[in-house]
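Annotated active site, 4-aspartylphosphate intermediate per TrEMBL: B:ASP389, in sequence order. According to TrEMBL, the Mg(2+) binding site annotation covers B:ASP389, B:THR391, B:ASP757, B:ASP761. The ATP binding site annotation in TrEMBL covers B:ASP389, B:LYS390, B:THR391, B:GLU485, B:PHE526, B:LYS549, B:ARG582, B:THR662, B:GLY663, B:ASP664, B:ARG731, B:LYS737, B:ASN760, B:ASP761. What TrEMBL lists as domain 'P-type ATPase N-terminal' is B:35-91. Positions annotated as domain 'P-type ATPase C-terminal' by TrEMBL: B:783-930. Residues or ranges marked as transmembrane segment in TrEMBL: B:275-296, B:316-332, B:400-420, B:817-835, B:895-919, B:939-962.
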Amino acid sequence: MMASSYSAKEEDGHHSGSAGLGGTAIRTRKPDNTAFKQQRLPAWQPILTAGTVLPAFFIIGLIFIPIGIGLFVTSNNIKEFEIDYTGTDMSSPCFNCSQSFSWNSTTPCRCVLFFSLDQPFESNVFMYYGLSNFYQNHRRYVKSRDDSQLNGDERSLKEPSKECEPYRTNENKPIAPCGAIANSMFNDTLDLFYIDPNGTQTQIPFIKKGIAWWTDKHVKFRNPSSSNPNLTAVFIDTAKPVNWRKPVYELDTDPENNGFINEDFIVWMRTAALPTFRKLYRIIQKKNNMTPTLPRGNYSLEVTYNYPVRSFEGRKRMILSTISWMGGKNPFLGIAYITVGSICFFLGVVLLFIHHKYGNRNNSSDIPN
Amino acid sequence: MMFYDLFSGVKWEVRANDHYFHQSCRRKSFLCFRWGRYADNVVRSYKYTPLTFLPLNLYEQFQRVANLFFLLIVILQSVPIIATIPWYSTMLPLLFVLLVRGCKDLATDLVSLSFFFKTVKWKDVRVGDILQVHKDQVIPADLLLLCSTEPHSLCYVETADIDGETNLKFRQALSVTHTELNGDSVKQNLAAFDGIVWCEKPNGNLHSFKGELHWKGERHLLDTDHLLLRGTVLRNTDIAYGLAIYTGSDSKILQNCGKLKLKNTQVEMLLNKTVLVILLFMITTALLLAVGAGLFEHRVSPKYDVVSVLQRDSSPAYLGFITFWGYIILLSPSMPMSLYITFEVIHMVHCLLIGWDIEMYWEDNNSPAQARTTTLNEELGQVGHLLSDKTGTLTQNRLLFRQCFIAGHIYGLLISLMLFSPLDLSWNRFSCGGLKFSDQRLVDKLRERSSPECQEFFTALALCHTVMSEWRDGLPHYQAASPDEEALVCAARELGWVFLSRTRETLTISEMGLTRNYQLLALLDFTSKRRRMSVLVRDPGGQLKLYCKGADIVVLERLQRDWPLQESTERALELFAQGCLRTLCVAVRSVPEALWTEWSRTLSQAGTSTGNQETVLEEIYDQMEKDLTLLGVTAIEDRLQEGVPETIATLRRAGLKVWVLTGDKTETAVNVGYACKLMDPDTILIQGEELRSENTVYISTKILSKMTKAPEWGAKFVALSDQCQSVLCCRVTPAQKAEVVEMVRKHSTSITMAIGDGANDVNMIKTAHIGVGLCGVEGSQAVQNADFALAQFRFLRRLLLVHGHWSYYRICILLRYFLYKTTAFALVHIWYSFYNGFSAQPMYESWFISLYTTLYTSLPIQCMGFFEQDVSAKSCLCWPEIYSIGQKEQLFNPLVLAITLLYSVYTSIILFFIPMGILQYSALDYQTLAVTVQTSYNFVSYSVAAVVFSLVAFFLSTLALHSTRLFTASPKDYFFLGIHVCRLIIVHVKNISPKEEMHLIK
C-alpha cells in the first residue's frame, strides 16, 4: 500500500521539483547504452609479468649494446686533431700577438704553429675554429641583432632595430650589420701548409662555401636589393661595425659570398649554445681516392691573429676532423647506449635469478579483464 | 513609529493591496549591483545574461589567483628589458584557459536554467498581494493566513517538501481577520483590506516568524502559526486567503536552500599547497639565479667586453634584479596554469559519466544517478565513513502489514512478495488493494465472526490512531503522521474494519459493512518517551474501552498479571523480530464508568496546573494504561531495498566504516542491522555506556548528546568505533545526525559520506564531506541539498567502488603528471643558465613555450583524465579492497608529490644533459640544442599521446597498483623509457605481489 498522501502530491502538475512525475509525456531519462558513456571503450591492458618483462630487458640489452658498440667504434675511427693557438704560454709562437693585440690595432699580427699528423686524414676534412669561455649564448648578446636587416630589408638597413644598441649607429650612420654579435665576428685567418719531408711548403686548398646551413644562406640571410650587384652602392649610407676592419661588402670578392650572405659571417651569426663551442671554418675536399686528403706528416698553421680573447681568458683552437655517417667524433652516444644496454642486461639477469629462485608462486594473475 | 525601537529586527514592511508601493521598491540588478528591497517571485538560478557575460565572467576568472599570476607574467613580459620570452607565449595559454573556463561557466549556467522551481504561473505574485489558494495547491509565496473556509479559519498544510514530515500541520488565522473578513462578501472584504504588516527581514529560519499586523488602529502579534510557507501544500481546506509577505528569493524555503557550501576536496587542498610550494621554489630559484647573474656581471662581464658593453653602465645588482624577473617569467611555465581548468573539466566529465552510467539508472522512477556538485569526484574514492539513514535509505519506506499474532495464533506467512497470492477481498467495498498479507484463515474467521478476539483486535487497529481520512472516489484515503499507523489502518480497512472519519468527538468505523460510531473520550498521545498511544472510547453499546497500541516492552509490562499465552506471545515476538518486522502490541482495557469520571477530573485539573505539564500528564496517562488485556501483536515489514545487504557487505570489505543513524528504536535497528549484513550473527554488541572493545556499538540518544558535547568523549568514541565493525545509533534526531557527522569529521581524518532520503537527513548531508541524497518517497529535500543523487542505496556500491575509485585514480595521476610535465619543462632553464652566464636565456623557442601546455601536452593528459582505468569495473566490484588506496591517500600525498617533483628534476636533467652530451662535440649552435631538447620533449608528449589515444587505458597490473603509476604513465627519454618502467614494475611485482595477492585471495 503506497502512502496515499504521496499520490496526492504527485497530482500537482505545476510543482515539478522532480521532473518526470506528473507530466503527461514522461521522457525517459535512461542513459544510452554506448561504449563511450558506459566507459567500455576498447582498451589494451598489458599485464606485465616476468614472462614478458624479462625478455624485454634482454632484448633491450641485446639491441642497445651492439648499437652502442657500433657507435663507439665509428666514433673512434673518426680522426680529429686539435691545436690551441691562443698564445697564453710564453713558449707559444702566438704569445706576442696575443699580448700586444687589441681590437684597435691596425696592423695584423701573424704567427705560425707547427704540428704533425700521425695518421692520414681520408675523405673530406672539416676545419673548425673553436672558442672557449665565450658566452655567445648570453641573453643580451643573443638578442643584439636585427634579423630583418640581415634578411635584406631596406628600411631596417637604414633604421636598424633598437635591439642592436649600442651597435646601432656610428657617426649618425646606421651600422650594417648592426648588433653585438656581428660586431664581435671572429676574424682570424687560418692557413694550412703541408711541409714535405724535403722542406717545401704547399698550401692546402680550402673551400669556403658550403659551410653554412642552406636555409641560412638562401632564406634567412639576404643582401639588400639583391638585384643590384654593386654591393658598395647598396651599403653606401651605412657604417661598418666598429670592430671590423673592412665593411661588410668587402668580406669576399665572390659576389655570391659577399655582404650578408658571406658564409663566415652566417656561421658566426648562428650563435653557439654553450660557452665552449666550435664553428665550421673551411672544408678541405678530398683530391682523389689514391692520396689521402691530409697525408701524415708535418704541417704549419699560419694564423693572422686578429681576434682578442685574452681579456676574458678565452681560448682559440683549430680543429681538423673527418666525419662519418654519424657525424663528427662523439664517444658520448656510444657510451650511453652501451651503459643503458648493459644495465638492462644486468638487471635482466638479476631479475631472472630472483624470479627463478623466488618466483615459483603462480604469478599469472587471475584478474578478469 | 515607536515600535521600531521595541522590535529592532522588524523592518520588513508589507502593505496589503498596495501594488504601487511594492512596485516602486522592486529589486533590480545590473551586473553585480543590486538595489531595491522586494524580490519578485521569479526565481533565477542562472546568473549571466548575454550582455553581462563577458565582464562578469572575466571579473570572476581573475579572482582566481592562478589567472592573476599569469596576467602579471604577461604584463612583465611586455616590459622589454626583462622580457625573456615574447608576450604571446604566456598570453596564448592564458587566453586558452580563459576561453575554456568561460565556455564551461556558460554551459553550467545554461544547464541550471532548466533547474529548480518553475515559476510560470507564480511569477506575477508581488509582495502585498492577497492570494486565494485552493485545496491541494502548492503555496506560491510565504503568505500570512488571513482567513479560510474552515471553522476558526483553520487550515491544514503538508510540509513534506520543507521538513519531510508527512503529517498535516494546522495553521490558524488571527481571530480578528477571521471574524472581520469572512462572510458572504469575503472577496470584497479582502479587496478592501488595508492592513500593514511589519515583520522580520527575510531569513531562512523555517520555524520562527515574528511580526505585527496593523489594522484598524490596532496591533496584532503574528507568529509562525499564521504563516503559510512557500512550497507547502494546502490540504483538507477548500480555500485559504493569504497576504504575500515574502516572495521569490526572499521566501523562507529559498533562503534556506541552494546555499551549498563550496566544498573543497583534500586533494585540491594539497594541490593548492603544492602550487604554493612550486611558487616558492620558483621565486627562490629565480632569486638564486639572479644572484648568480649579479656575480657573473660583477666578475666575468667586465673582462668580457663583448657583453659588458651591452649592459650600458648598469650595476651588477640592477642587472641581477632584472634577471630575477626574467627568470620568474622563464620559470612561470612550471606553474600549472591550465591545471585548474583541466581539473574542472575532468571533474565535469566524471560527473557526466556518473549520470550516464546505465547501471545506476533505476527504471521504476525513471531516475539516473546525478552528480550535483562537480568538485567532489575524487573524494568518492576516499570515503572512510559512510553514515546512513535507515528508513527510506536502507529500507524502502513502504510499510507492509505482513503478520499478526492474535490469541495464540500467528496469521500470515512471511514469504517473498514474488510468491505472494493476494486474498480475494472483493466482498469488501472499501478495499483499495495493496495488502500484502495473505491468510485465508483470518479472513474466514473475521467474516464468520467466529473469533471475538480477532474482531476486537481489528477494532483496536481501526480506532487507535491519529490518522485523518479523506474521501476520494468513494474510497477512504488516509493521511498519517507515521507510515506505521497508515499501514495498520490500511490493513484493517482491507480486512473489513474501515475507519471512515473522525471529528473531535467521534470516530466512525465500518465493521464488516456495519457502520458504528464511537465516542472519542480521550486520546493519549504518542511520544517517543512513552512509546505507546491509547484512545479511550465509548462504544455504541455504551461501554468504555481503552485501546492501547505501543512497543512490546511498554505494553507487555502494563498487562494484567498472569496474562495467558505469555509464552507463545514472546515466541511470536521473537519470531517477528527475526524476520526484521516492526512489532507493535495492541491491548484493550474495559474502563469502569467511575474510574473514567475520576480520571477525567484529574486530567482536567492537570490541564490547568502549572509546572511540568508533560510529566504530570504522563503520570496521569500511566494510571489509565494499566491492567491491559493483550489483543495481539502486529508485525509490519519495512522491506530492505534490493541489494542492501550485499552493498553493505561489499562496502565493509572495502574498508568503509558504515554507521547507521536511525530514529528507530533499538530493537528494530539491531534487527535491521543484522538483516542488512551490517552486523554478523556472531557480532558482539556493546550498548550505551558499557563501552568495551567489541564489535558493534549501538548507542542511543542520551549518551550521544553527551558524546557530542564533550570533545574528549567524542575523540574516544570515534577511536572506539574504529575498532568496531559498525556503529548503530538509535533514536537520533536530525540535529544529532549532523552532530555525529561533525564529530566523525572532527576526530578522524577520513572522508565522511552521509546518505539519506528525507528532510531529516538534510543537516547530515550538508555537514558531511560528501552528501548523497536518495530520490525516495519523502520529497526532494535530501536530493536538493546533496552532492550526488541516487535512486537506490545499492547504487552506492558502484558510485564509490567504480566511479569513486576511477575518479580518484585518474585525478591523482592527472595531477602528478601535470606537475611533472610542467616542472620538468621549466627546470631545464635552470640547468641551461649555468652555461649562459645566468642571463635568463630561454632554452626553447618562444612558440614552443606557448604551445607546450596548450597544444602539445594538454590532450593526452586530458584523455588520461577522462578514460584511464587501472582496473575494470568488474574487478573494482570483485575486489573492494582496491578501494583502500583512496582511503589511505596512497596516490596523492606529500611523499608521492615529492617523488614526482624529484622525478621531474631528474627528467629535466636527462632532457638537458643527454642532448648536450650528444651534441657538445659537434659544432653545436643554440638553435640545434633548443630543437633537440624540444624534440625529446615532443617525443615524450607524443608517445604519451600515442599511449593514451591508442590504448585508452594504460593498464599495467592490478598487482602493481601503487605509486609507480606515474613513472609508467610518463615515459621520458627515448632509450631510458624501457628500463626505467620495466625495472620499477618488476621490482614492484616482486615486492608487492605476495602481500597483495594474499589480500586478494582473502
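Including glycine, each Cβ sits where the backbone N, Cα and C put it.
Curation plays no part in TrEMBL annotations; they are all automatic predictions.
Features recorded in TrEMBL, as mapped to the structure shown.
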residue  : record                                        : CB count, 10 Å
B:ASP389 : active site, 4-aspartylphosphate intermediate : 30
B:THR391 : Mg(2+) binding site                           : 23
B:PHE526 : ATP binding site                              : 18
B:ARG582 : ATP binding site                              : 23
B:ASP757 : Mg(2+) binding site                           : 31
B:ASN760 : ATP binding site                              : 24
B:ASP761 : Mg(2+) binding site                           : 33
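Straight-line distance linking the Cα atoms of B:ARG582 (ATP binding site) and B:THR391 (Mg(2+) binding site), rounded to a whole number, equals 12 Å.
Each residue contributes its Cα atom, and for B:PHE526 (ATP binding site) and B:THR391 (Mg(2+) binding site) these two points are 19 Å apart. Under DSSP, the residues of the domain 'P-type ATPase C-terminal' (B:783-930) split into helix, strand and coil as follows: 108 helix, 4 strand, 36 coil.
When Cβ-Cβ distances below 8 Å are used as the criterion, the transmembrane segment (B:316-332) is approached by residues 69-70, 73, 76-77, 79, 81-85, 90, 282-283, 285-287, 289-291, 293-295, 297-298, 301, 826, 829-830, 833, 838-840, 842 of the same chain, each at least six residues removed from its ends.
Recorded residues B:ASP757 (Mg(2+) binding site) and the residue listed as 'active site, 4-aspartylphosphate intermediate' have their alpha carbons 8 Å apart, per Cα-Cα distance.
Straight-line distance linking the Cα atoms of the residue listed as 'active site, 4-aspartylphosphate intermediate' and B:ASP761 (Mg(2+) binding site), rounded to a whole number, equals 7 Å.
The average pLDDT computed for the domain 'P-type ATPase N-terminal' (B:35-91) is 73.
Note: the CA-CA distance between B:THR391 (Mg(2+) binding site) and B:ASN760 (ATP binding site) rounds to 11 Å.
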